[in-house]
Amino acid sequence: MFFRPCVHTVGRYSRARVPGLLSSLFFYRSCNNVLTNSLPTVTTAGRVSRYGYICRRSSTSAAERGVFLPFALTCRRNIHSIHEDEKKLERWKKIEESHPLDELVLDSVVKVFSNSTEYSKSKPWKTLDQKSSRGTGFAIAGRKILTNAHVVMAMNDHTFVDVKRHGSQIKYKAKVQKISHECDLAILEIDSDEFWKGMNPLELGDIPPLQEVVSVVGGENICITKGLVLRVETRIYDYSDSDLLSIQIDATINDENSGGPVIMGNKVVGVVYEIGFVIPTPIIKHFITSVQESRQYSCFGSLDLSYQSLENVQIRNHFKMSHEMTGILINKINSSSGAYKILRKDDIILAIDGVPIGNDEKVPFQNKRRIDFSYLVSMKKPGEKALVKVLRNGKEYEYNISLKPVKPNFTVQQFYNVPSYYIFGGFVFVPLTKTYLDSEHHQVKISERLADDINEGYQSLYGAQVEKVNGVEVKNLKHLCELIEECSTEDLRLEFKNHKVLVLNYESAKKATLQILERHKIKSVISKDICLPMLLDDPFKDNKINLLPWSVLPLMFDFS
């Protein structure tokens, strides 16, 4: 008589009573049953899980008779699954043999609470709903707390941050001293001596070797998980779209782990920033050094150009590269780049600071590893120079190029201070990209059209980038304001990067602007941070209010 095991069946499959470590997706195949030779061989997929026995109802007459085939008689594990389980056993053995964390390490880890109000991207004079965020941080030298930028979210007057020590119920007020959204890091200051009592700063270590065991610390009530280092490479940070060095680990990342330290041997080897990914210590040290040296908001250099690999021998021959030469081909150099008008399209970059670049766009790194060449540039600060060796028309040249800051894929005003804006004719002009906040050159775009008869028919200009005002190339938002305020022609003409044109009657647009401000309860045509020469004088001097520039008037009245 056939013995039918007692199992908990879910659908066509049941749960196997095997160790959780062996849980994995695999393929199994039924074999001829000892009770009947009529069963065919069928291949299907299943999952070994923690409870019960895996069984499969036969698709033939045995199924009609309700016969269940035990796992031992009907399934064979494939070789790949066995090897995978052996790797898992080795992994867990390595993790179990690792040393527990020192209690002093845990005492240096804190909980971070942040509440921030963002400004509207399209209407920068308006604030949006308050957002709350929680994460982890840890003490570093100088009575500072290091955490993720996305945990504190912003660095402005509308951001409020509290921290709480491990095992304590008291929250302490913190101030964001420095934030870098490029590398997703922020430094907090806490003035309370009580908070720092008995807290030791954690020491920063080096990049961990592959397959080394690391501990991830953070989350609610200090959760500790362990895993192995899988790879070290440059990677696009999702938060900022910056291409920087990163470490991938297989340790479980729990809720609110962001900003927590990754520990190896009681030293910090990284900061958690995404699920499975860690900011390595070279990036952390570079960020901290930049904080001490400068108040710049960007601390990573960039050549700001487009390029491609040269792995195909035909393209290398076309550009007269010798057999031993390797490098990358420049496709485009952006006008904001320090290499603009120095390097050229179709130049071959052979080396940076004496380090040869491979045809695969990579350079040598630690322990025979290779990473993207951008690492050489990003680990320099904006304003520093890089020695770039290029091949041009078969001849080699070297240039010292001043690096520009990395430009993340977001508008700076959202994160740092009260947004900059200027309104004219119902069009809202804002900075387009993140550079230095005091940069002499940045792009300007239209973020919103406040509907009015004066701007009817110009709906397609939303998001358009301004190139010229009355034939003069626009340098930045302040320059655009000056060009519009000082307009002496009957018509104001704006030209855009997409080749579209905006023409407004200047006097009519000025009158319409004041009406638009009152209609939308906007206090000013211009943000406070943009200081035009015409606004520096006392507007009530000699009571000559009628001689004031027209745009000063909204600054005197509160329409709310």
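Keep in mind that glycine also has a Cβ here, set from the backbone N, Cα and C atoms.
Predicted, not measured: the structure shown is a model, and the values here were computed from it.
Taken straight from Swiss-Prot:
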ACT_SITE  H150  active site, charge relay system
ACT_SITE  D184  active site, charge relay system
ACT_SITE  S258  active site, charge relay system
DOMAIN    288-384  domain 'PDZ'
REGION    117-302  region 'Serine protease'
TRANSIT   1-65  transit peptide
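Remark: secondary structure over the domain 'PDZ' (288-384) totals 20 helix, 25 strand, 52 coil, with classes taken from DSSP. Neighbour counts were taken as the number of other C-beta atoms within 10 angstroms of each residue's C-beta; across the active-site residues H150, D184, S258, the minimum falls on H150. A straight line from the CA of S258 (active site, charge relay system) to the CA of H150 (active site, charge relay system) spans 8 Å.
The two recorded residues D184 (active site, charge relay system) and H150 (active site, charge relay system) have their Cα atoms spaced 6 Å from each other.
The secondary structure of S258 (active site, charge relay system), as reduced to three states from DSSP, is coil rather than helix or strand. The average pLDDT computed over the domain 'PDZ' (288-384) stands at 90.
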